[in-house]
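As written in TrEMBL, here are the features:
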- B:Thr159, B:Lys185, B:Thr196, B:Glu282, B:Asn406, B:Ser411: substrate binding site (BINDING)
- B:Thr196: active site, nucleophile (ACT_SITE)
Protein chains: 2
Amino acid sequence: MTVNLSLPQKADLTPVKGFAMGIAEAGIKKANRKDLLVMTLSPGSQVAGVFTLNRFCAAPVQVCRGHLALDGTKGEIRALVVNTGNANAGTGEQGMKHALETCQALAKELKLNPEQILPFSTGVILEPLPIQKIISALPKAVANLGEDHWFDAAEAIMTTDTQPKASSVTVQTPAGPVVLTGICKGAGMIHPNMATMLGFIATDAGFAPGLLTTLTREVADLSFNAITIDGDTSTNDSFIIMATGQSSVSIQSTSDPSYVVVREALITLARKLAQMIVRDGEGATKFMTIEVLGGKTPEECKLVAKAVAHSPLVKTAFFASDPNLGRILAAIGYAGIQDLDVNRVQMWLGDVWVAKNGGRNPDYQEVDGQQVMQAPEITVKIDLGRGTASQTIWTCDLSHDYVSINADYRS
Amino acid sequence: MTVNLSLPQKADLTPVKGFAMGIAEAGIKKANRKDLLVMTLSPGSQVAGVFTLNRFCAAPVQVCRGHLALDGTKGEIRALVVNTGNANAGTGEQGMKHALETCQALAKELKLNPEQILPFSTGVILEPLPIQKIISALPKAVANLGEDHWFDAAEAIMTTDTQPKASSVTVQTPAGPVVLTGICKGAGMIHPNMATMLGFIATDAGFAPGLLTTLTREVADLSFNAITIDGDTSTNDSFIIMATGQSSVSIQSTSDPSYVVVREALITLARKLAQMIVRDGEGATKFMTIEVLGGKTPEECKLVAKAVAHSPLVKTAFFASDPNLGRILAAIGYAGIQDLDVNRVQMWLGDVWVAKNGGRNPDYQEVDGQQVMQAPEITVKIDLGRGTASQTIWTCDLSHDYVSINADYRS
């Protein structure tokens, strides 16, 4: 079940000049499914990434961090390799060895240094990566490289996702058009910082050194770090922006007039991709936007939004279309703002003002709340009444299917 | 469904001298069910309580705090009144008025000051308390007062509980025997600090002023504050210890030889009661003990234990009897210990050593993990390898029935 999520159309996914993808079936967990993706970048490209904060971060995440930290001294990043079916996490020294071997094997195929490769894995944790299967399938993925394989790439990185996730946009900047196309995956173990998600966006814009790194962090915070499904932060989350610089647009600083346009487009695209993950959240039947405003700081607004978004009681009430609003107030109350004056808290369900000055709005009619709850997309707005900061989080409900998916399958 | 939880036997619930209970059917939410409990204490009794830290704490919780803070200046606490079916939370000024009116009405019946009464409510949040129904039923509850009504009292405070929860113990101290009997309720919205739970323990021991207050906080931390079902902290949680002093045992200080015996008995009884709540957790099919040791501080051990106990992915894996241990490592990794060296982390499932030095134990066989997972009671032991502190949390799994219970009923 998905919430207002349509299948991406191949024709809508614009190729990005200088960026190619090749897919193979390596048989990592199951036979006859695309489970290996190689991506290559033309010389002169820039790559920046944001990774999970989980201390049990997977071996490939550690290798990515290491290779990016080399800062081009062993050659710029020129290729990425993603496998599904196994996360290569909780695998100790052997896991690190496997991640490096994957880079070495692909480097040999592409005549690059291993340090020019970023590896990614997603799937089951604590099981050894079947490295031979990956190495054997790499030549097939390389032979398949092409600029118009976005849809297949989106399919190749799926795990418990019910459908591929991809989107594309072309924007006009003062210096000419820029193409941005991205794919992502993730359906469970989704929580800011970050989700069990992989997100890759490529653009043909160029960036001055350093600029892309700052921008990637900013974009992640406003998109993939603002979604949550079950509050579980994965070991493998990675979000990568790749800029080939093959268009006429080369952005030298944040005051560059093209910067504003490309930044805005990146945020919009990344949010759309991140929200696709929520819309395809494990067992999701409702898409919920939790908007918290009137806080002293964005951090305390996020605390409250997360408490509401994570509460199993709130999530099951939304699944049931039951305006059990007391559960939301309870979550606000335990979010962790010690000096919260609940008498200043207001809450709206869609347009309906349900809680006024910390209590039930005397004008609130349950029938109105009930009506809002029927919709597949619902916004909960909370005003803390103590400042001007705000924060928004996107999440989904908790249904029978979430339990089934996570109890019945080894994911 | 409950996990190894047997029905308390009336004959096993020893009356506490000086402590009486009266039950009535007030029809607060449903007709023909016990939903009102009055408890009275003989003159000279002492009462101490620990309450929810939720900022949206219910009106009765605020009144309890206020009356206890008076410290006997308006007369000692002599009676308690509990209603189910409505939490009187998120009800604003009217809610406060209703809580005070409940005290006034009972005070009139018992010829006490309203400040000598502690009120408790549990049930749905954000709906007005049907105060007239309560006031009308109070005389019936008072007429029913008796020392041997423990079982009925346990039934009267149930909400989504599937069975009453009560336990009793008599211990020998150097100064003579002491009786301790307690009841509690709670099945969902259960999380340390505190659960949607009400817990009441009465004893015929006597205490010097102040001593019971410190002891109650200590007992709560080792029992009701160490359980979690869904991570939701309720608006109404209260844990009360009442000491009538009607036995030969009067404890004057912590160095009193009887103190050690009574303290130990209180902790054991409170833990047993708290664990009954987990065993009757909404939809519970498994009782899990999460033991974290080798931490630098008890606080960081608790962080890790809570992350594991709250993870929906871990909880659904236990429901499925699937030793998906990577999910536990992932939870340890995101618990919030920034400088955790995962290479020093060990993990056991029951007696089976599954994770060694941060990775899969090479000697671990999945069949051994599978066997442990079949049991209804499972201990997860985690050694952080960085200190000597430890912490234990009790929790249950996340099943289809949890979703059904919380989606289908307005609780």
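Note that Cβ sites are derived from N, Cα and C of the backbone, with glycine treated the same way.
Automatic, uncurated: that is what TrEMBL annotation is.
Features as recorded by TrEMBL, highlighted on the structure.
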{"residue": "B:Thr159", "record": "substrate binding site", "DSSP (3 states)": "coil"}
{"residue": "B:Lys185", "record": "substrate binding site", "DSSP (3 states)": "strand"}
{"residue": "B:Glu282", "record": "substrate binding site", "DSSP (3 states)": "coil"}
{"residue": "B:Asn406", "record": "substrate binding site", "DSSP (3 states)": "helix"}
Select from the binding-site residues B:Thr159, B:Lys185, B:Glu282, B:Asn406: which have any Cβ-Cβ contact with chain A shorter than 8 Å?
B:Asn406
Counting all other Cβ atoms within 10 Å across every protein chain shown, which of the binding-site residues B:Thr159, B:Asn406 scores highest?
B:Asn406
Take the Cβ of B:Glu282 (substrate binding site) and count every other Cβ within 10 Å, whichever protein chain it belongs to.
29
Just to confirm: which same-chain residues, 6+ apart in sequence, have a Cβ under 8 Å from the Cβ of B:Lys185 (substrate binding site)?
B:Thr84, B:Thr122, B:Ala154, B:Ile157, B:Met158, B:Thr159, B:Asp161, B:Lys165, B:Met197, B:Leu198, B:Ile277
